[in-house]
Every structure is written in C-alpha cells, then in structure tokens.
C-alpha cells in the first residue's frame, strides 16, 4: 500500500509516551517513518528537472502574493532548496517527525477495512484524559508536532495528565483512502471510523468513558460528528465554523471585532474559494495534474500555507517543504480532497456546521478559539447558533493553521477547555 510503505514497525515499549493504555481492546502497531535514500534521490531528481515557468505580471507584480498567488522568486528559491539535500535535510526532518510515537490500526466500517495512522503521547496515569485532535486540508499530523514536543518537555509519561492523540484523516499520509466504489463517502463516515479507533483504545467503549475532541478545517466537522455519535465525547473544541447559512444571519449590531472578521470572510469568499470549487467539481483531473510533478504540488499547497496563515506566524519554507514532501511521498493530494465533493458541489450536500443535525448536543461542553486570520472567521453569535457555546477565547495572532502557527497558545486553550469540560460534565452528573 502506497500510504504505509514508508513506515517501519518498532517496539512501542522502548519509546517514551509510546506505551498504549492497558484498557486498549485491540493491539495497536507502533511504527516510525523510514524513507529510503533512493526515494529521496528520485524526488530531488524530479524537482531539479522541473521547469518552473516564466515570470509573468501576476507572479512578479508587487503585492502579487496576496492577490494572484505565489511569487516567482519564492517558488524559485523553494525549488532550489528542495532539490538540494544540504539545504533541505530530510534526515534531520525525519528524526523530528519520529520524535513522537506513531501508530497504525485497522478498523471495519461498512464492510470494509481501513488502516488509520495516528501519533500519540500516551500517559501512564490512570486518570489521564484523552484529547483527540483532528486536522483538515491541506494539513496533516505534522501540524501538532510543536504541541506534542512541548508536552514532552513539560512532562514524563507518569506525570502527563492527558493522552494526546492526533488522528490522520482517511486518505491523508499513512491512513488508507476512501473506498473506490463509494462516491458518497464523507466526513460522517470518518467520524464513525474514528469512533472505532477510540473504542479500540478503550476511550469510547462505554458511556462512563470520557474524552475531548478538537478540530479545525475539515476536522472540525469530524469532531462535530463524534460529538453527535458518541456518548463518551464530553466536549468539543473548534477553531473553525464555516459553511453556515450566512445569508439568513443578521449582520446588524455586530462589534467592530466581528465586522473585521466578516470583511476577511467576504474577501475569501470573493477571491479565495476557487480552489474548493476545483476540488469539488474536478477532483479527478486535479489529482492527475498534481500527481504528475512535485513542483506543481508545491505551488498548489504552498500558496495555502502562506496566504491562509497570519503574516506574523507564517510557516517557514522548510516547514512547507516538509508538508509537501509528505503529501508527495504518500500520494495524499488525490486521496484527500473527497470531502469537497459534498462541501461545494451543488447537489446533495452533506450537512455541515450550519445544519441542526451537526449541532453540538445540549449538555456537552462546546468551546471555540477565535483566531484573527482564519480564512472564514465568523462572529461569536453565529458560532452560538451551532450549539450551546460554553467556552470562548479570542486571540490577537494566528490564522488557519492555528496549532502549527501558535502551538503554545493552542495548547493553553486545550488545557483550559479540558478543565471547563470536565467541570461541566461533573455538574451534569
């Protein structure tokens, strides 16, 4: 299988934070990333052989990066770095990726087996609270390495108060993709698949078990699905709440803060949504194009990592190249854009944030972190229409990739929300 060929089995007990809880019902398979040198040599050859294309008004004009996409100078330098093993040292990067424990497991859903990859810091404490994190597009588990490394520096396995888990969405990196025979596979299926993984770990096999789920981008809707499906989900923390019936929501009496958010939302819906329509209406064509050249894939993804982030917390070129390398090696792009078929396609849209079926159930803690440069920021009162919002925090920096851009701030929000959610759950009991 393409998605898992670069994983090597290891003994979990030898890795700190890698001991799966004794409550687990099914054996989890420990592994680490191990990309052969020959594969990296082939990738560098493809990068160095690629034609970048000419300079144009759109890619050299001052301010072009914020209006038309990437600049020629940025792409030229990034390609040069990517093709030079001394400037982009994969060995060091792979060691960093392997600094946290990796696992795979297999679950059944609708008469089909799915391999699910995840990273986790498992605590040895009997009272540890599982925090389940779910990424979106064009992200992956790499977004959470900063948070996980900070937890590793602050705790030992015997003091860590959480089981911190990052689930890889189906079709992303080392998780198997959606079925070839099901056009209607969507994020609700992902929620059920992830519920099965959590049940294997002993976190979701009875109503008295409790965990917290957190999500951004597409992962925010998977998190909603878990809240609806699973009694063991005690709380949901989001930093994304898009796809609302905005035309029916009033814009009167909003604060200046919320008006600024809506200006960014309107700008994105006017000028930045074209990629989503391509994902939804021509995913096959786009998949072929972006699987034909690593430089083409770099251009498609890097523009999002840069323009969707806060300018003060934009990911470095090395970080962007790391994401794109992992996407390329695991053929993630064509396998990962399936949610857009139901998000943006005009017919038979799957219920999303604004649909009552996805509202956070009453009694469960619902938290939201507001980052100023999110691509589709919405007012607090709009978020409140999707569940009984019980915890809310506003940040002065950060964009769409909050965990990647501001790991310490996101970790603090998660810690505070977990305390809030557990208090709320105790009060309900």
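Numbering starts at 1 and runs along the chain as it is shown here.
The backbone N, Cα and C atoms fix where each Cβ goes, and this holds for glycine too.
Now, the feature entries from TrEMBL:
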ACT_SITE  217  active site, nucleophile
ACT_SITE  340  active site, proton donor
ACT_SITE  400  active site, proton acceptor
DOMAIN    31-144  domain 'Epoxide hydrolase N-terminal'
What whole-number Å value do you get for the CA-CA distance of residue 217 (active site, nucleophile) and the residue listed as 'active site, proton acceptor'? 8
Report the same-chain neighbours of residue 400 (active site, proton acceptor): residues 6+ apart in sequence with Cβ closer than 8 Å to its Cβ, ordered by sequence. 216, 217, 240, 304, 308, 309, 371, 373, 374, 375
Helix, strand or coil for residue 400 (active site, proton acceptor)? Use DSSP. coil
Could you put numbers on the helix, strand and coil content of the domain 'Epoxide hydrolase N-terminal' (31-144), residue by residue per DSSP? 44 helix, 27 strand, 43 coil
Other CB atoms within 10 A, centred on residue 217 (active site, nucleophile): 27
Inside 10 Å of the Cβ of residue 340 (active site, proton donor), count up the other Cβ atoms and send me the figure. 20
Look up the residue listed as 'active site, proton donor' in the DSSP assignment and reduce it to helix, strand or coil. helix
